[in-house]
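**Student:** The following block contains the structure, expressed as structure tokens.
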Amino acid sequence: GITGAFQYGLQVSIINSPAEYIKTFICETWLKRYGSPPSTEMITLLWSFIVSIYSIGGLLGSSSAGYLSVRFGRKKAMLFANIPALLGAALMGFSRLCGSFEMIIAGRLFSGVCGGLALNIHIMYAGECAPRKLRGLIAITASTSIAAGKFLGFALGLREVLGVEALWPILLAANALPALVQLLTLPFFPDSPRYLLIDKKDKEGCI
């Protein structure tokens, strides 16, 4: 759950705290490029695009979750979700260093793809691997992980933690940590019995 639906909750909440810093960064970058400050409407438009493009990425990730989970299996599909997560974290983390607010937009798009994939495959994978007696308990890890991700996102955004002007790129790149945790731990997990039996026709592996 920490590396599945958690990513969605984290990315939804983590963007709120550095809003003013990102708008200032957009204004400064625009001024350096074009020699004049952007209009208030342009800043609002770019900021709205940064926030909303996450949903577009989520739509792309959700749409491909079914195909990837059948083509490669639940576990490999979950591992695949870390690629856009790490790519998005790198783009957002280095955006100020490179002087490019477009990198934040692209990073949010990739983070959305990760969130859409991880949320859908998490529910599928956990439900199919859960013992019968614990199936209900394990199924709700999706909602609890989303809530935990939102909470941590708000906590990291506090001024006492990463919610200051000097650290906002690190705050935006925080989703790299759960992605790395998953890359190190998930390979040791079993694959879904349902996937092994129905999609791979591996009855022995399923048992």
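The first residue you see is number 1, and the count goes up from there.
Each residue, glycine too, has its Cβ placed from N, Cα and C.
Per TrEMBL, the features are:
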- 1-207: domain 'Major facilitator superfamily (MFS) profile' (DOMAIN)
- 45-70: transmembrane segment (TRANSMEM)
- 77-97: transmembrane segment (TRANSMEM)
- 103-125: transmembrane segment (TRANSMEM)
- 137-158: transmembrane segment (TRANSMEM)
- 170-189: transmembrane segment (TRANSMEM)
**Student:** Mind checking which residues of the chain, 6+ beyond the ends of the transmembrane segment (137-158), have their Cβ under 8 Å from one of its Cβ atoms?
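**Tutor:** Sequence-distant neighbours of the transmembrane segment (137-158): 1-2, 4-14, 16-18, 119, 122-123, 126-127, 129-130, 171, 174.
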**Student:** Who are the long-range neighbours of the transmembrane segment (170-189) in its own chain, taking Cβ under 8 Å and residues 6 or more past its ends?
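**Tutor:** Distant contacts of the transmembrane segment (170-189): 2-3, 6-7, 10-11, 14-15, 17-18, 75, 78-79, 82, 85-86, 88-90, 92-93, 95, 104, 107, 111, 114, 129, 153, 156-157, 162-163.
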**Student:** Across the domain 'Major facilitator superfamily (MFS) profile' (1-207), what does the mean pLDDT come to, as a whole number?
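**Tutor:** Taking every residue of the domain 'Major facilitator superfamily (MFS) profile' (1-207) together, the mean pLDDT is 93.
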**Student:** Sort out the residues at least 6 away from either end of the transmembrane segment (77-97), same chain, that have Cβ-Cβ distances under 8 Å to it, and list them.
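**Tutor:** Those are 3-4, 7, 25, 57, 61, 65, 68-69, 71, 103-104, 106-111, 113-114, 117-118, 121-122, 125, 168-170, 172-176, 178-180, 182-183, 186-187, in sequence order.
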